[in-house]
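Okay, so here's the structure we're looking at.
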Amino acid sequence: MSSGRIVQIIGAVIDVEFPREAVPKVYDALSVDGTETTLEVQQQLGDGVVRTIAMGSTEGLKRGLGVTDNGEPIQVPVGTKTLGRIMDVLGRPIDEAGPIGEEERMPIHRAAPTYADQAATNELLETGIKVIDLVCPFAKGGKVGLFGGAGVGKTVNMMELIRNIAIEHSGFSVFAGVGERTREGNDFYHEMKDSNVLDKVSLVYGQMNEPPGNRLRVALTGLTMAEKFRDEGRDVLFFVDNIYRYTLAGTEVSALLGRMPSAVGYQPTLAEEMGVLQERITSTKTGSITSVQAVYVPADDLTDPSPATTFAHLDSTVSLSRDIASKGIYPAIDPLDSTSRQLDPLVIGQEHYDIARGVQTVLQRFKELKDIIAILGMDELSEDDKLIVSRARKIERYLSQPFFVAEVFTGSPGKYVSLKDTLAGFKGILGGDYDHIPEQDFYMKGSIDEVIEAYNKRSK
């Protein structure tokens, strides 16, 4: 273990001078003497100087302070001892519940599984959310992205998915909070505690107020914990909220390291950094990682380089729409914009495929008719088109659903709808079985039985 000293501090970037024969390797962890600050080597500048990123605040550091090379990358605790605990980017507990007591630590930088080790599956993962199970079903061991602008419900959807899948699915989950609000992290912890699933979830937080080094590496910390569970032969759920903040932290670090920015000011290594993370989130022959990632879309522009780069790595994309949210339909998922590789008759079966495509066809036709309705009014439509509009409005409302995690805000109990009930409901609407029921009875209901019950109660 060699020793050096700090020669320059610029925000979160610190230059450290070492003897020329003992320069640390890139990604080695360094400890600043007399503090709890850890640095990670990013560049070797020559003459024994390395440029590092601080994993934590640089307040109180000054030139001349001694630094020790740990000789290895950042190591974090892994295994079952991490379950039920909240940790920071270095794997230190931040929940005031004593030491982790881990039996093993692993480096956060690892190679992705080789092509020969990877394994794909077509097994579906039921979420209990109608619109997702219908038009963009999730695969076990697949990658899912929740795309949406500010305030359309990414985190609420993520929390509902965690609640539904973590409770129905008996395996372990890892949640990485990357650059999100501390309040949301706190809410999430208590939500897990109240649902009695905290002992199956490892939580890793690097929140908005943390330096860019923490936000850049916290996703890798969470992923390392998930990889350990997978390599033990388990099926793991890995949740990331928010992958955009990971990119943003990379942009901040890149600028501080003096790299020339590329399109829209992002780092020139955007695709590579995203690939390094995403290629490790994969299923092997020993176990699977099913990942759900929230992706913030800046200014609702899906062509922005950050969400556009993320798209390439996903199996299912769930797109949240501000227009749907403005109608008061939650979850505000756009069934015409959301896609899944699983939406294939060979995977989900012909009946499910036909119902999903039927729903999308009716909604697409309704979208085309909106301009005519706005100019000429409903009366000018043919009888067939009037029927399509009527069914489309019912489908739109029936795609809404009360969430368990939103009970405290809405006052209405959450609903978990099985795939069988979801398909039966939409098949009935498309077949005209419920043409006599007014559209308001379809709003915020679970299964179709609740719609019929509400109609019968009102018509008495």
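Backbone N, Cα and C atoms are what each Cβ position is placed from, and that goes for glycine too.
The DSSP secondary structure for G148 (ATP binding site) is strand. Feature annotation from Swiss-Prot assigns ATP binding site to G148, G149, A150, G151, V152, G153, K154, T155.
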Of A150, V152 (the binding-site residues), the residue whose Cβ has the fewest other Cβ atoms within 10 Å: A150
CB contacts for G149 (ATP binding site) [other CB atoms within 10 A, all chains]: 17
Number of Cβ atoms other than its own within 10 Å, given for K154 (ATP binding site): 26
G148, G153 as binding-site residues, winner by CB count within 10 A: G148
Cβ-centroid neighbourhood (8 Å) of the ATP site, G148, G149, A150, G151, V152, G153, K154, T155 excluded: Y296, L320, A325
